[in-house]
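Here Swiss-Prot flags 14-210 as domain 'Cytochrome b561'. The feature transmembrane segment is assigned by Swiss-Prot to 17-37, 42-62, 76-96, 112-132, 144-164, 191-211. Annotation comment: Swiss-Prot describes HIS44, HIS110 as heme b 1 binding site, evidence class similarity to another entry. Look at Swiss-Prot and you will find HIS77, HIS149 tagged as heme b 2 binding site.
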Amino acid sequence: MGSVDPSRLSLVLFARLSGLVVAVSVLYWALFLPNLGLSYSTLHPLLMVIGFILVSGEAILIHRWLPGSRKTKKAVHLWLQGMALASAVFGIWTKFHYQRGVFANFYSLHSWMGLLSVSLFAAQWVTGFMSFWHRGEVRTTRTTFLPWHVFLGLYTYGLAIATAETGLLEKLTFLQTKRNVPRRGSESMTVNGLGLGLALLGCIVITAAILPKYQSHSRDEKLVYSSQDRPKCLSS
């Protein structure tokens with residue numbers, strides 16, 4: 001069991017602070033500014049931003065700060081990603097239920113990017129479970145798939161944030177043109193601040209995931225792990 005390097009917690013702390021700003025912003029925007037309360041229209045941004053983006057970001061950071069065995073980290077990572085996937089699916093369902101139709105919703109770049117990001121996330125979760133949790137896969141297969149799992153996970157996370165940004169722009173454009181929301185009003189400023197917070201959050205989470213300084217295992221631990229799990233060759 002490796003100890004947590006205090007220097008590694010700096011980016012995690014910044015990620016938590018930016019995530020808190022994002023959560024407060026989307027809650028304030030969805031529940032208080034339109035004066036609609038909790039409804040299907042307000043559930044969509046809440047589930048997609050807090051349930052999908054924030055929870056999946058926390059799942060990525062699990063490997064950077066959580067002390068314990070690799071099995072414990074993988075289990076927490078798996079369950080958090082499963083929660084994020086469930087929130088994303090439910091968030092899409094609320095949009096369909098609110099607009100009364102499936103095909104009527106798929107007309108914009110935001111809708112197509114959302115479908116792509118959730119589909120990739122679901123495929124990533126299933127393949128990750130089969131490769132790293134299910135014991136049927138051989139060690140060499142998991143080792144080969146690991147770089148692709150990391151890359152596709154970060155790509156999908158970035159795509160989800162980009163999708164949220166297009167959704168914010170689409171919604172703000174509608175509010176300003178159809179409902180005469182002031183460009184410098186509180187709602188416009190809140191949406192713009194939410195977009196900046198999401199961009200900052202994505203940058204911090206991805207940086208913490210790819211920088212060697214913030215990886216959870218030391219070099220000596222990796223060498224021991226590699227020597228123990230290296231497949232043996234049978235001589236003929």
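Note: Cβ is positioned from N, Cα and C throughout, glycine not excepted.
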Top partner of the transmembrane segment (42-62) among 76-96, 112-132, 191-211 - counted as Cβ pairs under 8 Å:
76-96
Using a Cβ cut-off of under 8 Å, list the residues of the same chain at least 6 residues beyond the transmembrane segment (191-211) that approach it.
11-12, 14-15, 18-19, 21-22, 25-26, 29, 49, 53-54, 57, 60-61, 63-64, 150, 154, 157-158, 161, 164-165, 168-169, 171-172
Model confidence over the domain 'Cytochrome b561' (14-210), averaged pLDDT:
87
What same-chain residues, at least 6 away in sequence, bring their CB to under 8 Å of the CB of HIS149 (heme b 2 binding site)?
GLN124, THR127, GLY128, SER131, PHE132
Once the chains shown are all counted, how many other Cβ atoms turn up within 10 Å of the Cβ of HIS77 (heme b 2 binding site)?
21
Around HIS44 (heme b 1 binding site), how many other C-beta atoms are within 10 angstroms of its C-beta?
24
Sequence gap of 6 or more, C-beta under 8 Å: which same-chain residues meet both conditions with respect to HIS110 (heme b 1 binding site)?
THR163, THR166, GLY167, GLU170
C-alpha of HIS77 (heme b 2 binding site) to C-alpha of HIS44 (heme b 1 binding site): distance in Å?
24
